[in-house]
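Features as listed in Swiss-Prot:
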{"type": "BINDING", "residues": "3-17", "note": "FAD binding site"}
Amino acid sequence: MRVVILGSGVVGVASAWYLNQAGHEVTVIDREPGAALETSAANAGQISPGYAAPWAAPGVPLKAIKWMFQRHAPLVVRLDGTQFQLKWMWQMLRNCDTSHYMENKGRMVRLAEYSRDCLKALRAETNIQYEGRQGGTLQLFRTEQQYENATRDIAVLEDAGVPYQLLESSRLAEVEPALAEVAHKLTGGLQLPNDETGDCQLFTQNLARMAEQAGVKFRFNTPVDQLLCDGEQIYGVKCGDEVIKADAYVMAFGSYSTAMLKGIVDIPVYPLKGYSLTIPIAQEDGAPVSTILDETYKIAITRFDNRMRVGGMAEIVGFNTELLQPRRETLEMVVRDLYPRGGHVEQATFWTGLRPMTPDGTPVVGRTRFKNLWLNTGHGTLGWTMACGSGQLLSDLLSGRTPAIPYEDLSVARYSRGFTPSRPGHLHGAHS
């Protein structure tokens, strides 16, 4: 089957790889001159299935009000003048109760755990390089309340079969030795030993090269104007004067998916702006071993070979890609506070990107009401964590194979009235 994939970020390229491996003739279209040059370029670098959780959580509405008056707030909201933003925020607020949070986190962990398994298999099969580490992730708490709240997430982890350690502050240095110097600032941490890290852009570009060698065609420098539809199917992609035709089409445009699908399929995917710093390592024993997550500021610090990636925060501000100095100062403050000897912060590269976020935090993966239009978008801050699993899942569905995990509640149909998916007995389904 001829398949066109729109988007060459980590999700689009992973989709191309798995569809190619399933025997399809795949073409990837992107406006950029190469793969992973937008949202996948400089994300936080963590592959953290156990920490897969929606921003829509109990307590967030009240916290958001407090954050309005804080210099280093993890979440910022500025109205962009669109009805879509207001509708999206209202939908997000409706997902902030405990029941929705547990349901949304459960299916996010299910997909993320499966994705980590798919990445592991891909690594074993291809020996793909991306400065990866398998050292786990450590979530750091600065207050007793945060430490106590961890028990809520532990219930989901136990249901999904995810190993964990809840550590008091005196034990944090057992997994991240450099934290011994700052343990007095912390109340404890939640460590997930099976989590991984890696450079998402490096992974995506290497996978794109492998996919191209396997027969995938990449059409870079090719802006897409619109999808052409006729009745119940898509019959082409208009790119300037050219119409590119296929048997099936996959939307993986991230935050730009919503606009491209306007008038065809309604999806609640909104850009969530984030920032990162890439910092050269200064002192090896003062740098992280793997990934830490600062629960207070919602910032991750991830170790690559000779660099640290400090990333996080969320701004609901529309398609604004301006690099704001106060956000850089927040990232610098956190890394200096936790790893004062770790990196040459003054040499850091500052970056921003737009994560495609749904109001419930779960991506949209699966077929639409159009029989040949498929979606793989809306992964929010977890595109790197979920890319391989989403790509494999999409490939299975498009190829008519039964996926390894429950998938009905990942489709766009979940936003329809009266949608009741068959519930898996275990959050992670077929994971072993």
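Residue numbers in this text run from 1 along the chain shown.
Glycine is no exception: its Cβ is also placed from the backbone N, Cα and C atoms.
A map of Swiss-Prot features onto the structure.
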{"residue": "VAL3", "record": "FAD binding site", "DSSP (3 states)": "strand"}
{"residue": "GLY9", "record": "FAD binding site", "DSSP (3 states)": "coil"}
{"residue": "SER15", "record": "FAD binding site", "DSSP (3 states)": "helix"}
### Message
Using Cβ atoms only, which residues of the same chain lie under 8 Å from ILE5 (FAD binding site) while being at least 6 residues apart in sequence?
### Response
GLY12, SER15, ALA16, LEU19, VAL26, THR27, VAL28, ILE29, TYR249, VAL250, ALA252
### Query
If one looks at the chain holding VAL13 (FAD binding site), which residues at least 6 apart in sequence have a CB under 8 angstroms from its CB?
VAL28, ALA35, ALA36, THR204, LEU207, ALA208, ALA211, ALA387
### binding-site residues listed as VAL3, VAL11, least Cβ neighbours within 10 Å
VAL3
### Task
Work through the binding-site residues one by one (GLY7, GLY9, SER15, TRP17) and point out the residue whose CB has the fewest other CB atoms within 10 angstroms.
TRP17
